[in-house]
Amino acid sequence: MSKVHELNHPLIQHKLSLIRDKNTGSKEFRELVKEVSMLLAFEVTRDLPLEEVEIETPVCMAKTKILAGRKLGIVPILRAGLGMVDGFLNLLPAAKVGHIGLYRDPETLIPVEYYCKLPSDVNERDLIVVDPMLATGGSANAAIQFIKDKGAQSIKLVCLIGCPEGLAAVQKMHPDVDVYIAAIDEKLNDHAYIVPGLGDAGDRLYGTK
Ligand code: PRP
Ligand code: URA
């Protein structure tokens, strides 16, 4: 069974409240999503392995640590996942970015794929799939399955807001994928929107609707 990490740092919770507020406009919404994503990136990389190196400071030789292990990849689920990419790249500038285009059919709620472009060495990277919302879990499950089919072996999922239904769906289909999430809300409504949630993440990021 995969682990669910609820990242309830005070700064994350504070910014999430502003993000949820319906009076927050697209410009501020985008900035806040980027800031929270940076904080999530900090938390999700806590377990990255380190190796010792020897360097020369202006004062003396010193044994210090640098990142070791596999290279990283960030995989936003389009469109709303795009809003999280810059925050992650700020902390992980060497990561490559793959894109998966999915939208949730409003009638069936089934995710429809329209784009997929991943780094060619996806099987050698630790991949972080990012999407602000984990509602039914259909989109995250489909995206994770796509990248597994392309050879990905190490995947984490990072979301801003989820709900018990979405978490259960991902844990059932992908028990090897740990989930990092800023808030687990109460439930889904009849239109499969998260309650209380933040509304439609893609529309709020890009001012559509
Ligand atoms: C939203 C969100 C997730 C998905 C979550 O995307 O960004 O990808 O819904 O819902 P689910 O867990 O029930 O699949 P949407 O389909 O609205 O597309 P968009 O990002 O292009 O707006
Ligand atoms: N997608 C969103 O953008 N918001 C929700 O609450 C559910 C799915």
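Heads up, the Cβ atoms here are built off N, Cα and C, so glycines get one too.
Taken from TrEMBL, the feature 5-phospho-alpha-D-ribose 1-diphosphate binding site covers Arg79, Arg104, Asp131, Pro132, Met133, Leu134, Ala135, Thr136, Gly137, Gly138, Ser139, Asp200. Annotation note: Asp131 (5-phospho-alpha-D-ribose 1-diphosphate binding site) sits in a coil segment as assigned by DSSP.
What TrEMBL lists as uracil binding site is Ile194, Gly199, Asp200, Ala201. Over all protein chains present, the Cβ of Gly199 (uracil binding site) has 16 other Cβ atoms lying within 10 Å.
Summarising the annotation, TrEMBL assigns domain 'Phosphoribosyltransferase' to 7-208.
Taking Ile194 (uracil binding site) as the reference point, the binding-site residues whose C-alpha atoms are within 10 Å of its C-alpha, out of Arg79, Met133, Ala135, Gly137, Ser139, are Met133, Ala135. Residue density at Arg79 (5-phospho-alpha-D-ribose 1-diphosphate binding site): 18 other Cβ atoms are found within 10 A of its Cβ, drawing on all protein chains shown. Of all the binding-site residues listed (Asp131, Asp200), Asp131 sits in the most crowded Cβ setting, with the most other Cβ atoms within 10 Å. By the rule that a residue counts when its Cβ sits under 6 Å from some atom of ligand 1, the binding-site residues Asp131, Ser139, Ile194, Ala201 yield Asp131, Ser139, Ala201.
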